[in-house]
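Feature annotations, reproduced from Swiss-Prot:
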- Lys126: SUMO2 cross-link (CROSSLNK)
- Lys129: SUMO2 cross-link (CROSSLNK)
- Lys143: SUMO2 cross-link (CROSSLNK)
- Lys211: SUMO2 cross-link (CROSSLNK)
- Lys332: SUMO2 cross-link (CROSSLNK)
- Lys332: SUMO1 cross-link (CROSSLNK)
- Lys354: SUMO2 cross-link (CROSSLNK)
- Lys368: SUMO2 cross-link (CROSSLNK)
- Lys372: SUMO2 cross-link (CROSSLNK)
- Lys452: SUMO2 cross-link (CROSSLNK)
- Lys463: SUMO2 cross-link (CROSSLNK)
- Lys475: SUMO2 cross-link (CROSSLNK)
- Lys478: SUMO2 cross-link (CROSSLNK)
- Lys478: SUMO1 cross-link (CROSSLNK)
- Ser171: phosphoserine (MOD_RES)
- Ser182: phosphoserine (MOD_RES)
- Ser327: phosphoserine (MOD_RES)
- Ser405: phosphoserine (MOD_RES)
- 4-82: region 'NCD1' (REGION)
- 160-187: region 'Disordered' (REGION)
- 220-309: region 'NCD2' (REGION)
- 306-337: region 'Necessary for nuclear localization' (REGION)
- 398-432: region 'Disordered' (REGION)
Amino acid sequence: MATALPRTLGELQLYRILQKANLLSYFGAFIQQGGDDVQQLCEAGEEEFLEIMALVGMASKPLHVRRLQKALRDWVTNPGLFNQPLTSLPVSSIPIYKLPKGSPTWLGISCNSYERNSSAREPHLKIPKCAATTCVQSLGQGKSEVGSLAVQSVSESRLWQGHHATESEHSLSPADVGSPASPKESSEALDAAAALSVAECVERMASTLPKSDLNEVKELLKNNKKLAKMIGHIFEMSDEDPHKEEEIRKYSAIYGRFDSKRKDGKHLTLHELTVNEAAAQLCVKDNALLTRRDELFALARQVSREVTYKYTYRTTRLKCGERDELSPKRIKVEDGFPDFQEPVQTLFQQARAKSEELAALSSQQTEKGMAKQMELLCAQASYERLQQERRLTAGLYRQSSGEHSPDGLPSDGSDGQGERPLNLRMPNVQNRQPHHFVADGELSRLYSSEAKSHSSENLGILKDYPHSAFTLEKKVIKTEPEDSR
């Protein structure tokens, strides 16, 4: 089975590693799965590495996996073992500035390309030098091919570790290209798109900032000898001086400045790189900001927040636009399954309304019951009061009948009692009896409605009571024998 040949620089590096591990049979599988980036294999965690091994069909052969791991470790610690003469290969996955200096494809950096390219851009936007392109010339048949490569971000530079990194990595910063006295910097820099976004944002912000007074700056430098010794020469340079921007970048850096105590090998983050670039651009617009680092830091952070948000949002949208995937936040509703959420909510609201109505009705029934009880209590009290009045009336009747009879017996005062004996005749009975019957009629009318609904027995007792009391009074009277004298 013929092995495919590498076509790019990334594929060539993978080819050399697999060749050293005697695993060239997996080269085609790696290329089919998009595994032409060796750094991805070196940086992958345990789970991700095992997943890659499963994709290329190496997971079932642990000895092959160990040979590949050993080759990757050798490539990280000593990349020189894998350097082979390169042919005319297009650079795709590995940036050219990370090639060793001895590589035939390394031809150095041309800073003049910045002046050539900047003239074709808008005149009011000044492109930073860290976004300058590099020239790459191939060796094929004496013909040169010029290609532009943007400087990669800090995430890629972190992948190159080991003692060979200081030898193989070549800085593209203007400080290394320009003055030899400039501080030593790493290859960390923003890519062209991010640097251009910073320049645009600084251009908008510079129009809103107040213009600094040059006389005040000179007075400040005159009073501060240390500051004047450090940055005084920058204010004496003309704007056409090519080294002025390099010096501004040198002393305007917020993070990782040449006089900072940052540990060697500690790389700057994307935020720190953006802040440094924004500070440099702001100081290029207004040199006086070099003397006010607190204000410069605040403005640079503001630019960094805006640029990072816009750049990340744009990049994310571009990546998401290439995928035809559903949003993870979208609720998936399958066809054929009705949505019961709304009917359940409607039923719940109806049940709540019914329960509220029942509670209101029960409270009303309770109030009506209490009112009925109060009415019954009042009627009972009135009934007892009338009974007491009736007893008093009966007592007065007996007393008055005794007063009119000289021998203690009532005298006859009506014609209807003429047939009765004298001792049974009761005077004033005709006058007093209607009083009781009137009271009886009033009581009947008063308790007729209450007695029908609550107690029918009370009404019978109440109606029969005056008659029984009257007959009882008649029965109490005893007849006395007539005196024979």
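Just so you know, glycine gets a Cβ as well, placed from its N, Cα and C.
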Exercise for the section: Identify, in sequence order, the residues in the chain of Lys211 (SUMO2 cross-link) that are 6 or more apart from it along the sequence and have a CB within less than 8 Å of its CB; answer 'none' if there are none. Expected result: Asp286
Problem - Lowest local Cβ density (other Cβ within 10 Å) among recorded sites: Lys354, Lys372 - result: Lys354
Exercise for the section: Return one of helix, strand or coil for Lys372 (SUMO2 cross-link), based on DSSP. Expected result: helix
Problem - Counts of helix, strand and coil residues, the region 'NCD2' (220-309), according to DSSP - result: 63 helix, 0 strand, 27 coil
Completion exercise
Mapped onto three states, the DSSP assignment of Lys211 (SUMO2 cross-link) reads coil
Exercise for the section: Measure the Cβ-based neighbour count of Lys368 (SUMO2 cross-link), defined as the other Cβ atoms within 10 Å of its Cβ. Expected result: 10
Handout entry: Lys354 (SUMO2 cross-link) and Lys368 (SUMO2 cross-link), Cα-Cα, nearest whole angstrom
Key = 21
Problem - Whole-number Å value for how far Lys354 (SUMO2 cross-link) lies from Lys372 (SUMO2 cross-link) (Cα to Cα) - result: 27
Handout entry: Structural state census, the region 'NCD1' (4-82) (DSSP three-state)
Key = 57 helix, 0 strand, 22 coil
